[in-house]
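Student: Below you'll find the structure I mean.
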Amino acid sequence: MTELARKIVAGVGGADNIVSLMHCATRLRFKLKDESKAQAEVLKKTPGIIMVVESGGQFQVVIGNHVADVFLAVNSVAGLDEKAQQAPENDDKGNLLNRFVYVISGIFTPLIGLMAATGILKGMLALALTFQWTTEQSGTYLILFSASDALFWFFPIILGYTAGKRFGGNPFTAMVIGGALVHPLILTAFENGQKADALGLDFLGIPVTLLNYSSSVIPIIFSAWLCSILERRLNAWLPSAIKNFFTPLLCLMVITPVTFLLVGPLSTWISELIAAGYLWLYQAVPAFAGAVMGGFWQIFVMFGLHWGLVPLCINNFTVLGYDTMIPLLMPAIMAQVGAALGVFLCERDAQKKVVAGSAALTSLFGITEPAVYGVNLPRKYPFVIACISGALGATIIGYAQTKVYSFGLPSIFTFMQTIPSTGIDFTVWASVIGGVIAIGCAFVGTVMLHFITAKRQPAQGAPQEKTPEVITPPEQGGICSPMTGEIVPLIHVADTTFASGLLGKGIAILPSVGEVRSPVAGRIASLFATLHAIGIESDDGVEILIHVGIDTVKLDGKFFSAHVNVGDKVNTGDRLISFDIPAIREAGFDLTTPVLISNSDDFTDVLPHGTAQISAGEPLLSIIR
């Protein structure tokens, strides 16, 4: 992980070129000082990186489901610390759209997983009520519903923190302003203000428009922005001896009243206007809206434009109490699942089959980047078929005007979130039908087109015969075994990062002797600081990664000893690393050791030798050029 982090930091132009870094479910999202210093093409070819996307003012590196681990490694390697998670105070670069997407993604990205979790929990509770497994009066329901509803009820406080960080202000000051919006005294004043004989509320004689700000989104975002501006001015003007407490004091005294008097009513009016406008457009042509959103959603995601729609969805929940956009996106997700399953069925390469299968599984839960970038998009036609299938499914859902009643990532869980308080109705069944059509059409279309293209290839003229150059070990520069032990097929390795082949083709060994010896003549290209992995580049350009054990990076070098340094010249059979097998096993780690060809894409194929047991120095892999 550390080696991948080093390559990523180098690929984005070095630590000094990083302004800020955050991550979502599958991507590292960099804000760079100078994007021209980034080496996108180099990063795209780096094992462990699925894709690189430059969009929305961000340099995005698509990693996959283990992005959180890579984020921590990059943070450590680059020495970013808190800077990695904070936004710059001002971002004046890029066009208006890029700046908008950058701000919105920074505010909502940290909350997406939690919002999805609370949405799923609400859907499960709705399902339980529908089948009468519980009642609204039961303690179990009340406690779990409180957990599912708390995030949105106190949204102004939570968004105060993320918006405060994004705008470069003190996030805790913005949180307090958000807390004022949903304080019990304010909510009580709002309820009393609904009565016919209620007296109005004023601030220093200025009348206050009483509104319910629970679950609101836009007011606190504007307030956090204003607060950050005032805070910077005050920090510049006030003496350092008093600004630590006078700055937040003055911000609260100024911004809180301004929020209640001006920002809150104005932004609430804007929220209602946006919701009414969206509802009018949607109700005018719901089926067409479904076709557009279902067909183009994944394209929006590729370019990072989907972040501009997240506030719209959340605003719909705040103003309308439901959202009609998320149901339209669910078929787009299901279609990517179907296309990936089609590739899984048709693919003959065992490792690529594993990649397609695991990508389809993660897509079911709304994480489509592995399926899009690792499976469907590189093959082109599965991605196109998935977009068309998503449009078909979403057209049906749009026609039925299906709604969801809680926020969540478009996924298999969306079906539960479409259940209204009155129970399962036609709109729920429409979402099921739309999802099934999307996944079914994408699967069938991908399989059919695969067989059609496979039949046409021989008719295009027989290709010229080319005898592949096979490098067999050890005489002709092939790969010898670096260990003595039992051969394990790569697809049986417990870590899917290795098993999927994303880091390169190869084989694994369960060692019986605690030594790693050089499999080739060459030089040491890399040696991890924790000594659990080493990279060797052979004299004829084959790059080999030997990773001793699974998750052994957590040992932090304990039980490992290195006998070489980076840059050393080595011969076949030279001792590279020693390790204590009993101690590592006693610590609870799997010693299965992947031996990978990192630059597998440079060769026609990498073939393991068929043997169950092997000794160090015996033939292990053949490279076909």
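Every residue, even glycine, has its Cβ placed from backbone N, Cα and C.
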Student: Transmembrane segment per Swiss-Prot sits at which of 203-223, 518-538?
Tutor: 203-223
Student: Per Swiss-Prot, does N235 fall on the same side of the membrane as S600?
Tutor: no
Student: Roughly where does the topological domain 'Periplasmic' (375-380) sit in mean pLDDT, to the nearest integer?
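Tutor: Summing pLDDT over the topological domain 'Periplasmic' (375-380) and dividing by its length gives 79.
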Student: Among the recorded stretches 100-120, 141-161, 167-187, 325-345, 432-452, which has the greatest number of Cβ pairs closer than 8 Å to the transmembrane segment (404-424)?
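Tutor: Answer, by Cβ pair count: 100-120.
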Student: Per DSSP, what is the helix/strand/coil residue tally across the topological domain 'Cytoplasmic' (346-353)?
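Tutor: So the counts come to 5 helix, 0 strand, 3 coil.
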